[in-house]
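According to Swiss-Prot:
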- Y102: active site, proton donor (ACT_SITE)
- K173: active site, proton acceptor (ACT_SITE)
- R155, D269, 301-318: NADP(+) binding site (BINDING)
- E245, D246, D269: divalent metal cation binding site (BINDING)
- S336: phosphoserine (MOD_RES)
Amino acid sequence: MEPRAPRRRHTHQRGYLLTRDPHLNKDLAFTLEERQQLNIHGLLPPCIISQELQVLRIIKNFERLNSDFDRYLLLMDLQDRNEKLFYSVLMSDVEKFMPIVYTPTVGLACQQYSLAFRKPRGLFISIHDKGHIASVLNAWPEDVVKAIVVTDGERILGLGDLGCNGMGIPVGKLALYTACGGVNPQQCLPITLDVGTENEELLKDPLYIGLRHRRVRGPEYDAFLDEFMEAASSKYGMNCLIQFEDFANRNAFRLLNKYRNKYCTFNDDIQGTASVAVAGLLAALRITKNKLSDQTVLFQGAGEAALGIAHLVVMAMEKEGLSKENARKKIWLVDSKGLIVKGRASLTEEKEVFAHEHEEMKNLEAIVQKIKPTALIGVAAIGGAFTEQILKDMAAFNERPIIFALSNPTSKAECSAEQCYKVTKGRAIFASGSPFDPVTLPDGRTLFPGQGNNSYVFPGVALGVVACGLRHIDDKVFLTTAEVISQQVSDKHLQEGRLYPPLNTIRGVSLKIAVKIVQDAYKEKMATVYPEPQNKEEFVSSQMYSTNYDQILPDCYPWPAEVQKIQTKVNQ
């Protein structure tokens with residue numbers, strides 16, 4: 001994309017306070033004219049440097065730190081100080097910085113969030129604000145909000161209930177909305193709904209920043225969520241995107257089903273994970289040379305991620321011509337009690353859909369040997385669940401077994417890339433949820449494991465939805481997104497073991513996703529932004545956030561010389 005000219009931005013701020021506004025601050029990149037006219041001359045050292053040099057300075061500071069948690073704090077402090085520079089740093093090397101601002105480091109940051117909290121980066125709305133949520137929203141300084149990421153902190157990554165400390169997730173997620181998708185950060189709002197926590201360690205921690213009582217559940221919880229959705233949509237408009245993040249299984253599906261046709265909303269753990277997993281499967285099919293409807297897919301896990309993927313796989317198989325009933329027969333799920341089969345006790349409605357006539361089995365190794373899947377997908381956050389025997393069996397059943405260890409963070413991965421490639425002698429088609437280093441095999445080949453990161457999905461979806469004012473987001477959007485992502489994977493990438501485009505191309509991938517969403521939205525009469533733009537790519541691209549510093553001096557321009565004459569005498 002061509003670099004844009006600096007945007008002119010009006011501000012009444014002057015002096016010291018301007019240097020404390022992260023939206024306006026340029027640090028040492030302020031020109032001499034700006035320093036003098038904005039009354040900040042003398043507050044900064046006399047050196048004037050470019051943003052490129054500023055990025056280099058941050059990277060050098062970043063690299064001298066010894067822990068990822070300290071690197072996370074460095075970047076968050078930068079975000080609080082100079083927003084443009086923060087995003088310029090992230091975009092300079094997305095592959096390097098994404099694991100710090102999001103998975104896996106954000107998991108550690110959430111565990112330590114009571115220590116990491118510096119200043120407000122979003123809104124904390126507690127159950128005790130019920131009846132006054134509209135007033136709490138008024139505390140946020142921005143009047144125009146187009147995207148909200150909200151969590152109640154009950155199921156943070158694979159770490160469980162972190163309560164109020166889960167705020168690190170919406171903050172990190174929205175940072176990627178901008179870095180990877182170009183959504184304007186000033187139009188993004190992270191929100192944590194604090195209804196308490198079941199985490200005993202947090203309840204006893206004197207430094208914990210959230211409510212110190214058990215989670216509120218039932219009708220009171222539902223009424224609280226209803227009020228929040230109504231208040232947010234009322235204040236920011238029905239087109240405001242509200243993304244649900246890291247809600248527990250008991251709430252995730254029912255809240256999605258409850259709100260999806262009433263508000264502009266989606267659940268990334270269900271739909272985003274599904275989209276990126278299906279994108280990986282579609283890319284893998286170019287290696288196996290067969291169709292998705294030819295696969296037998298076994299899931300280790302039957303929570304929101306597994307069920308979300310399963311439903312989208314069914315939709316993709318239907319698109320290939322298979323009936324929904326026959327597509328479901330090709331999908332098997334394993335939860336904490338074993339294989340999901342008909343007649344098994346205490347199956348939820350969501351799990352019942354994928355229950356088949358089969359004997360009950362509990363051991364995953366035995367289940368793999370019995371089902372003989374062509375694709376094995378782990379989303380249960382059980383580290384090491386894919387044992388050496390399971391990997392050997394997958395390689396015995398299949399010439400090119402598809403093995404996805406998608407659980408986060410790294411410690412929860414079902415197997416490592418090295419284990420998978422070594423045991424299967426490089427025949428496995430592997431993807432993971434967290435990043436793994438390249439693996440060199442005994443035969444000299446080096447394979448680059450694909451990272452099935454949701455950040456391939458949600459930034460582009462958000463950009464497209466916001467750009468055209470899509471009122472509701474159905475599952476078709478996520479199948480379309482999966483197809484677009486898989487199309488960006490070249491044959492060379494596949495030969496290297498990659499099932500996803502390189503992360504350093506993610507902004508371009510997000511643009512393609514957004515353009516496709518916008519095209520479909522106008523074609524299906526679902527867009528609300530009019531008049532319809534003729535060139536959809538130009539339209540979307542023009543709305544993407546630029547890290548170029550804004551021009552904040554007043555607009556100065558000349559008048560004709562004759563009208564500038566100074567009158568010195570009173571006309572007689």
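Cβ from N, Cα, C; glycine included.
Here the structure is a predicted model, which means the values were calculated and not measured.
Taking only the Cα positions, the spacing between D269 (divalent metal cation binding site) and A305 (NADP(+) binding site) is 6 angstrom. Between the listed recorded positions, namely R155, K173, the fewest other CB atoms within 10 angstroms of a CB are found at R155.
Cβ neighbours within 10 Å of E245 (divalent metal cation binding site), excluding its own Cβ and spanning all shown chains: 28. Long-range C-beta contacts of H311 (NADP(+) binding site), restricted to its own chain and to partners at least six residues apart, with a cutoff below 8 Å, comprise A274, D475.
Those same-chain residues not listed among E245, D246, D269 yet with C-beta within 8 angstroms of the centroid of the divalent metal cation site C-beta atoms are T151, R155, I156, I169, F244, F247, A252, N267, D268. According to its DSSP assignment, the residue listed as 'active site, proton donor' is coil. Cα separation, Y102 (active site, proton donor) to K173 (active site, proton acceptor), rounded: 7 Å.
In the structure as shown, the Cβ atom of D246 (divalent metal cation binding site) sits within 10 Å of 26 other Cβ atoms. In sequence order, E245 are the recorded positions from R155, E245, D246, A302, S336 with a C-alpha within 10 Å of the C-alpha of K173 (active site, proton acceptor). The binding-site residues under consideration are A302, A305. Their Cβ neighbour counts within 10 Å are lowest for A302.
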